[in-house]
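Chemist: Can you keep this structure in mind? I'll have questions shortly.
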Amino acid sequence: MPADQEKFYQREVILADRDLVEQGAEEILENAQVADVALLVVGDPFGATTHTDFILRATERNIPYKVIHNASIMNAIGCCGLQLYNFGETVSIVFWTDNWRPESFYDKIAANRERQMHTLCLLDIKVKEQSIENLLRGKKVYEPPRYMTVNQAAQQLLEIIENRRSKDQSLALTENTLCVGVARVGADDQKIEAATLSAMANVDLGGPLHSLIIVGKVHPLEIDMLKLFTKNKEDIAKYAEEA
């Protein structure tokens, strides 16, 4: 891909991973004091605090900058038919491990549900991750990349629901809560599917990247749109009646 970009831009392109962007920020800014430097990012540049940090550092050094905005999942998610101003706080769902199973993302979803708002769940990405053994030994050996899917996220949420039900806690969502899974938004092969949470646990949307929406209170137009993306329109209609 860098070779294709170099041909297009007629410039040298350096593939910048997180280490380079975060740890090599000073070098990038030093170069920007004597030449034009462009940082190309996926999505909108202000979708991450890393890029906000660049602006602050450039300002401190009196380095002029220009931001060219781009679409990101934060606004492109409107493609599923849910209205953007009905979304609450965005949450991240992380991969569980054998000894680390956080549930904080569920509580944020619950808070949005109490306000009758939808929740965009960004799903975990593991790229250039080191095993504990290699990390302790200082070996720059990385694990194969992993990308959480909508069915994996749904399965984790179902486990949290079952866990809280066993403790007689009130539930903000259940197996029948309506969800929307999206994959590769903006690509020619993007996929969108609306289903209950229990059904979403068995949905296969193909390759990454995936996001999951937990639906809140719905407008009639939102319901009509969601019917375009479901295999079971009865579930959508039933949810509309209950909401």
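A Cβ is built for glycine as well, from the same backbone N, Cα and C atoms used for every other residue.
So TrEMBL says this about it:
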{"type": "DOMAIN", "residues": "26-199", "note": "domain 'Tetrapyrrole methylase'"}
{"type": "BINDING", "residues": "Asp44, Gly47, Ser72, Ile73, Leu123, Val185, His210", "note": "S-adenosyl-L-methionine binding site"}
Chemist: Cβ distance under 8 Å to Asp44 (S-adenosyl-L-methionine binding site), same chain, sequence separation 6 or more: which residues?
Modeler: His69, Asn70, Ala71, Ser72, Met74, Asn75
Chemist: Residues with Cβ closer than 8 Å to the Cβ of Val185 (S-adenosyl-L-methionine binding site), same chain and 6+ apart in sequence?
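Modeler: Listed in sequence order: Ile73, Ala76, Ile77, Cys79, Leu209, Ser211.
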Chemist: What mean pLDDT does the predicted model reach across the domain 'Tetrapyrrole methylase' (26-199)?
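Modeler: A mean pLDDT of 89 is what the model gives the domain 'Tetrapyrrole methylase' (26-199).
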Chemist: Using all protein chains in view, find how many other C-beta atoms are within 10 Å of the C-beta of Leu123 (S-adenosyl-L-methionine binding site).
Modeler: 20
Chemist: In sequence order, which same-chain residues at least six apart have a C-beta under 8 angstroms from His210 (S-adenosyl-L-methionine binding site)?
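Modeler: For His210 (S-adenosyl-L-methionine binding site), the qualifying residues are Leu123, Tyr147, Met148, Thr149, Val150, Ala153, Gly181, Val182, Ala183.
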Chemist: Taking the residues Asp44, Gly47, Ser72, Ile73, Leu123, Val185, His210, which the record names as binding S-adenosyl-L-methionine, find the longest CA to CA distance and state it in Å to the nearest whole number.
Modeler: 17
Chemist: Under a criterion of Cβ-Cβ distance under 8 Å and sequence separation of at least 6, what residues of the same chain contact Gly47 (S-adenosyl-L-methionine binding site)?
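Modeler: Val41, Ser72, Met74 - these are the non-local Cβ neighbours of Gly47 (S-adenosyl-L-methionine binding site), listed in sequence order.
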Chemist: Test of understanding: give the count of other CB atoms lying within 10 angstroms of the CB of Ile73 (S-adenosyl-L-methionine binding site).
Modeler: 19
